[in-house]
Amino acid sequence: MSIENLKAALPEYAKDLKLNLGSISRTTVLDEEQLWGTLLASAAATRNAQVLAEIGAEAADNLSAQAYQAALGAVSIMGMNNVFYRGRGFLEGQYDDLRAGLRMNIIANPGVDKANFELWSFAVSSVNGCSHCVVAHEHTLREAGVGREAVFEALKAAAIVCGVAQALTAAQTLAAVG
């Protein structure tokens, strides 16, 4: 199971994604933990079993057990937070004075470098389409000294993984009915 398997599974019309996936997996902008945590978290956020299985297997070879769990923790907490903050944003400030009352302890104690956890949360929030969370995580990353290039590379990784998941879902669905 690997990035190579995903590239091989992509249909011809997704050739750009195949090339982008190969490029992003060799990035020098992100360190290994940042890259593989971002890829794993983004894969889980796509909800595509094949993408998660393939990237998850390769991520396990490139991340410590603690980082692997933290990346999945970022997906879990952002699954809740992205819905909550995106929904609250739709309400145009009418509920901003109310306390969320949601437990988010993993954000304070992720078990890995907090900037890496923020990077993964930023990527997942991008996949999930929560503009409030994307902006908040980007701000935290920049305050922590993470460069614009690294933030942008994580965004590209999330976008590529999301595109791969959509292409594979389309191909699998059409193959099943065709």
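Here the Cβ of each residue, glycine as well, is placed from N, Cα and C on the backbone.
Per Swiss-Prot, active site, proton donor is recorded for C130, and the stated evidence type is sequence analysis. Neighbours of C130 (active site, proton donor), defined as other CB atoms within 10 A of its CB across all chains, total 22.
Summarising the annotation, Swiss-Prot assigns active site, cysteine sulfenic acid (-SOH) intermediate to C133 and lists sequence analysis as the type of evidence. In the three-state DSSP scheme, C133 (active site, cysteine sulfenic acid (-SOH) intermediate) is classed as helix. Residues near C133 (active site, cysteine sulfenic acid (-SOH) intermediate) in space but far in sequence (CB under 8 A, at least 6 apart, same chain), listed by position: M78, N81, N82, Y85, R86, S121, F122, S125.
According to Swiss-Prot, the feature disulfide bond maps to C130-C133, an assignment based on similarity to another entry.
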